[in-house]
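As structure tokens, the structure follows; a few thoughts come after it.
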């Protein structure tokens, strides 16, 4: 084995000693030992340095895309925001204008034209928050603004966050949304639903169906007169934003033939299941013969290359990504993760490509079947490490990329004690894995794609979102030391692929503008 990259998802390094930091509170003898023995530094994982708007926290999709590309990749969120800014005459100075102004986007306009021609409504659907991981509320506001200018009858289906934002921030986001509706005279909220239902990505189709039934058939668990009331009444039932049960609002008429839908999430993984339902691209176990109404469904970005749907911002796939370079060099590689992070070490790491490269193997370990991961904070880390170790010892791959999901997924629950347990569980498996890589003659690279468990907030106000704190980078030679190398400061995720290729003796392509982290 030549090299293995281990991604500790959500493992940030918080410089503030006055916060509840599950990473710092955890007993992590292996991580601490590797940091002391190896070549260590920190990486920046947010803002323009990973292709996001300035100050925006990073996330797993962005992180893995940058890692695999070996360069800063302008993210879809920034592409959409910059196009909106151009429509408003507010384009940022570094805007590359690769997309048309938002109000002139032909795919988005086609949804409006379809509804107008058929006497229908345009339905705007997506996560309503400023979390910036899956959506921006300003993108919805721009759609409402466009509908107002055209005089188009529009409604909004608001998915509440509480995961990348405060658990009860939805009340304010919905109030802001209703203010925009009032200002532009259209886009009233028809349903409110927590992302737990509307944005499941773990094949829990019964959750997706509950969101679908509220949007399409007006069959919600609850009814509210106004959007904000849907949130406040949910809080009174001790149910926070992420878990708000599908609620119909006002005189919602459902989704009807002749209507159009714009799904405005820019991140794909948690938008796929509901898109499958609405686009009639269904799994065999859907459990219903009922077909969705005949509508025009537009997605903000490409959610799946197999979906035959119009896309407002088509993918701008980077070429010469890590997996491709390894494949062309005749190297074998293995990608490993449990269910929650499997798309990230495959699709996103490969620059938005579903199909594996020649010589690329993939192993997925099922995530635990629990409602929330604080109930099983070790998740499937032991089984994942077992799978990786067996593969290394029996197949001897040239390269490995593995993701431990625990600090991120448990950090999102806001449960401090569970997050500490999650970090400790990962540290235990990290030790086993690094020893195996070294025994196989490989270099080990340890990093994170963003922070999360490094700031858990307070007991009364838990922090469930990602952080903008630096994340670790550690290099270990096969003998478990720095091997005479030092790690430079000021690195980003785009520098990881060039580092790995250099250690493997492979020339990096010109498109990889990142630079090696060790020398």
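Glycine is treated like the rest: Cβ placed from N, Cα and C.
Remember, predicted model here, so these are calculated numbers, not experimental data.
Going through 195, 209, 210, 282 against Swiss-Prot, the one listed in the substrate site together with 134, 163, 164, 201, 267, 268, 269, 270, 341 turns out to be 195. Looking at the stretches 49-75, 76-102, 103-129, the one that Swiss-Prot records under the feature region 'Disordered' is 76-102. Site annotation for Mn(2+) 2 in Swiss-Prot covers 60, 449, 450, and the matching candidate from 9, 16, 495 is 9. The DSSP breakdown of the compositional bias 'Basic and acidic residues' (76-91), given as helix, strand and coil counts, is 12 helix, 0 strand, 4 coil. Checking the binding-site residues (134, 164, 201) against residue 412 (Mn(2+) 1 binding site) with a 10 Å Cα-Cα cut-off leaves 164. Across the fold, the C-alpha of residue 408 (Mn(2+) 1 binding site) and the C-alpha of residue 449 (Mn(2+) 2 binding site) stand 10 Å from each other. Closest to residue 449 (Mn(2+) 2 binding site) in space, going by CA atoms and restricting to the recorded positions 60, 164, 268, 270, is 60. In this structure the alpha carbons, written CA, of residue 466 (Mn(2+) 1 binding site) and residue 9 (Mn(2+) 2 binding site) are 10 Å apart.
Of the recorded residues, residue 270 (substrate binding site) and residue 60 (active site, phosphoserine intermediate) place their C-alpha atoms 12 Å from one another. Cβ-based neighbour count (10 Å, all protein chains) for residue 412 (Mn(2+) 1 binding site) stands at 24. For residue 450 (Mn(2+) 2 binding site), the nearest neighbour among the recorded positions 60, 164, 201, 268, judged by Cα separation, is 60.
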